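According to TrEMBL, the protein carries these features:
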type	residues	note
DOMAIN	4-312	domain 'Cobalamin-independent methionine synthase MetE N-terminal'
BINDING	Lys19, Asn120, Trp571	5-methyltetrahydropteroyltri-L-glutamate binding site
DOMAIN	436-758	domain 'Cobalamin-independent methionine synthase MetE C-terminal/archaeal'
BINDING	Ile441, Gly442, Ser443, Glu494, Asp609	L-methionine binding site
BINDING	Ile441, Gly442, Ser443, Asp609	L-homocysteine binding site
BINDING	His651, Cys653, Glu675, Cys736	Zn(2+) binding site
ACT_SITE	His704	active site, proton donor
Amino acid sequence: MVLSSVLGFPRIGANREIKKAVEAYWGGKATAEDLTKAAADVRKASWTNLKNRHVDLIPSGDFSLYDHVLDHSAAFNVIPRRYTGLDLSPLDVYFAMGRGRQAAGVDVPACEMKKWFDSNYHYVVPELSEQTEFKLLFNKALQEYNEAKGLGISTRPVILGPISYLVLGKAAKEAPANFQPVSLLPKLLPVYKQLLSELKAAGVDSVQVDEPVLVLDDAAKLDKQYASAFAELASVSPRIVLTTYFARLDSNINFISKLPIAGLHIDLVRAPGQLDNVLEAIKPTNIVLSLGVVSGRNIWKCDFATALKQGQKAVAALGEDRVIVATSSSLLHTPVTLASEKKLTPEQKDWFSFALEKAAEVATIAALLSGSQDSKIAAAYEANIASIAKRREFEHTSDDAVRKRVASVTSDMYNRRSPFATRKETQAKHLDLPKFPTTTIGSFPQTKEIRNARAKLGKSEITEAEYEDFIKKEIEAVVRFQEKIGLDILVHGEPERNDMVQYFGEQLNGFVFTQNGWVQSYGSRYVRPPIIVSDVSRSAPMTVRWSSYAQSLTKKPMKGMLTGPVTILNWSFPRDDVSRKLQSQQLALALRDEVIDLEKAGISVIQVDEPAIREGLPLRRADWNEYLGWAVDTFKLATAGVTDATQTHSHFCYSDFGDIFTSIQRLDADVISIEFSKSDMKLLRTFQQFGYSNQIGPGVYDIHSPRVPSEEEIKERLKTTLSIIPADLMFVNPDCGLKTRGWKETEASLSNMVAAARWARQGA
């Protein structure tokens with residue numbers, strides 16, 4: 001019989017219970033016991049719902065209060081020294097590592113965060129050195145397995161594998177030059193053996209060991225480490241199901257197929273072409289193949305006919321008992337349930353499938369492959385065929401005007417009128433900025449009052465005029481604050497915006513939106529990605545009104561704020577019937593119109609953020625050139641329509657620029673701002689290595705933490721930066737937007753930043 005499996009489930013709760021509980025704990029409004037109970041309630045609901053949808057292999061151990069990689073660091077004693085000896089509980093140490101802490105005499109910054117492969121999820125990077133002393137402080141996988149067992153639910157524990165854990169880490173500051181975290185594998189394996197042997201002793205039948213780095217090119221160099229590590233683990237472990245996702249295995253299957261594992265999971269949504277190669281490699285073995293046929297990354301309903309063809313091929317080659325039907329990855333990246341959506345039209349609702357619906361899909365596909373005669377299964381199959389046919393019919397319609405406009409784009413539309421050196425001189429005269437000009441990335445705190453006003457408008461408790469009057473007052477307050485502390489390039493603070501992608505999607509044709517389609521980005525930060533359902537175009541200006549109003553309040557330059565085409569695409573749920581390139585081109589043309597309209601309205605500084613451009617880079621290098629070609633071109637298409645006097649900015653965060661530096665150069669933005677505060681200089685070293693001719697604003701403090709950096713701390717960062725970046729090219733700014741921060745910490749941090757910039761001017 002073909003079994004069904006879900007690799008992981010959203011840990012936020014159907015009604016964002018975990019966000020509320022965690023933030024209540026941080027705010028001193030809930031105890032650790034309250035938080036523990038809320039977490040247990042969400043886990044119980046998740047396991048019960050999966051069981052009720054007839055999933056055979058239900059995950060446990062994948063829940064997290066903040067981040068699953070951070071969970072491993074806390075469990076394995078990978079706790080940097082700065083977080084020890086502070087008289088904090090283990091829970092508070094855990095949160096300090098995730099978000100920093102500045103209270104009761106404790107002042108520590110957060111650990112670095114990076115994007116989880118090519119997703120918009122952020123993980124907390126382990127810091128490793130030869131001094132790292134691994135030990136199992138607690139066995140989270142065992143605890144949650146037993147918790148589910150106590151509820152009468154059998155689960156398959158999930159752990160992040162040892163090699164991926166090390167490869168995803170970084171060398172700590174005390175590590176010697178050229179230290180490679182994977183060199184610690186012999187020291188780490190005993191901890192994994194203890195963890196796995198405890199699971200086996202508890203009666204666990206099989207364990208899901210995630211090794212996502214196996215889809216990367218560099219994994220080919222780790223074949224010997226995989227062979228030795230899994231030989232050790234298999235001797236003490238329950239049956240190991242090795243899990244990969246997000247890309248194809250390619251030649252790595254050759255050594256994977258020789259590992260002592262019971263099962264292998266592959267992603268057939270992202271990489272359907274790998275099935276034949278994998279079947280050929282494992283057919284002579286006893287390895288069970290888990291087929292990731294239901295998307296863990298997008299929200300479109302699964303096409304059962306396609307999934308069944310893949311499943312039938314696997315069954316023909318291996319037999320029913322060696323095939324599992326599964327989600328392509330953890331469902332962490334999808335909303336919890338479509339049942340919460342009350343405002344989608346019946347047609348729209350029929351297109352989609354969220355986490356709980358996907359769980360039912362894998363169970364149904366597995367039953368079909370097993371030859372089920374259940375009338376409910378047959379009815380579900382027929383309904384799916386009809387639903388997919390209706391969706392395909394809708395997809396075949398297109399906006400001819402949008403398609404023709406894309407087809408008519410010419411090469412000169414991708415380039416500014418003059419080279420940067422010429423633009424820099426023109427902008428210097430026009431903007432009259434001092435050395436080390438100060439600015440922010442765009443957003444200011446989204447206070448409770450702002451959120452309440454937006455909610456009241458949605459419920460018709462206040463009029464549109466009352467809401468707009470409120471927004472005007474918020475903008476004026478932000479402008480006056482910036483003038484007061486002496487920022488040089490101002491922003492309007494974005495009080496009218498719910499999210500940097502959703503706000504634009506709501507004003508563009510081709511998008512639909514959910515009420516409760518929340519997805520975790522990091523910690524307690526959740527987003528509701530828009531859904532692109534058809535061709536994208538702009539009907540009217542989107543930001544000009546509020547940027548113009550803000551500019552009318554001040555003589556200082558006001559920065560217009562837009563989200564770039566690649567980021568809107570990557571942070572939405574995109575269409576799966578047309579290319580990402582076409583969708584990005586359509587977005588770029590809509591934004592190009594907005595950029596030109598902002599300039600006509602007197603906005604001389606325009607920022608088009610692309611924090612997701614590195615995130616969207618394919619995981620296999622062979623695919624990079626094609627992606628980077630259209631990704632950079634669409635940014636340029638969006639920004640190149642203005643005159644030399646208009647200064648264009650873009651923002652990037654959590655990016656390994658070394659991989660794509662030539663593409664960053666080719667963007668030709670006048671100013672780029674980057675995350676720097678938590679990256680231990682690695683980004684700046686990239687600029688030192690390659691050189692950079694345009695202007696740059698390295699983020700001088702971390703906005704993802706409530707911690708306030710001192711003026712001296714920022715001065716030290718400026719000193720470090722000036723050793724690499726010429727003074728005439730440098731801007732001073734935070735490393736990201738301030739939307740999630742409170743006003744008290746924002747005022748203190750920005751005041752210290754401006755004071756440090758003034759100090760730098762005196763010494764320049």
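Positions of Cβ are set from backbone N, Cα and C atoms, glycine also.
Where the annotation comes from TrEMBL, it is an automatic prediction and has not been curated.
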If the L-methionine binders are Ile441, Gly442, Ser443, Glu494, Asp609 per the record, what's the largest distance between their Cα atoms, in Å?
14
Which binding-site residues from the set Lys19, Asn120, Glu494, Trp571 come within 10 angstroms of Cys736 (Zn(2+) binding site), judged by C-alpha positions?
none
Sort out the sequence-distant neighbours of Asp609 (L-methionine binding site) for me: same chain, 6+ apart, CB within less than 8 Å of its CB, listed by position.
Ile441, Gly442, Met500, Met561, Leu562, Thr563, Gly564, Thr567, Ser650, His651
When you look at Lys19, Asn120, Trp571, which the record names as binding 5-methyltetrahydropteroyltri-L-glutamate, what is the longest CA to CA distance in angstrom?
20
For the C-alpha pair, I'd like the distance in angstrom between Ser443 (L-methionine binding site) and Trp571 (5-methyltetrahydropteroyltri-L-glutamate binding site), rounded off.
17
Find, among the binding-site residues listed as Ile441, Cys653, the one whose Cβ has the highest number of other Cβ atoms within 10 Å in the structure shown.
Cys653
Other residues with Cβ within 8 Å of the Cβ centroid of Ile441, Gly442, Ser443, Asp609 at the L-homocysteine site?
Thr440, Val491, Glu494, Met500, Met561, Gln607, His651, Cys736, Gly737, Lys739
Are there any residues at least 6 positions away along the chain from the residue listed as 'active site, proton donor' with a Cβ closer than 8 Å to its Cβ? List them or say none.
Arg99, Ala110, Met113, Tyr522, Gly523, Cys736, Thr740
Would you pick out, from the binding-site residues Lys19, His651, the residue whose Cβ has the largest number of other Cβ atoms within 10 Å?
His651
Distance check against Glu675 (Zn(2+) binding site) for the binding-site residues Lys19, Asn120, Glu494, Trp571, keeping those with Cα within 10 Å:
none
To the nearest whole angstrom, what is the C-alpha distance linking Lys19 (5-methyltetrahydropteroyltri-L-glutamate binding site) and Cys653 (Zn(2+) binding site)?
23
What is the interatomic distance between the Cα atoms of Glu494 (L-methionine binding site) and Cys653 (Zn(2+) binding site), given in whole Å?
19
Using a 10 Å cut-off, grab the number of neighbouring Cβ atoms around the Cβ of Glu494 (L-methionine binding site), all chains included.
24
Just to verify a number: CA distance, Cys653 (Zn(2+) binding site) to Trp571 (5-methyltetrahydropteroyltri-L-glutamate binding site), in angstrom, no decimals.
14
Distant-in-sequence Cβ neighbours of Trp571 (5-methyltetrahydropteroyltri-L-glutamate binding site), under 8 Å, six or more positions away:
Asn120, Met500, Val501, Val527, Pro529, Ala612
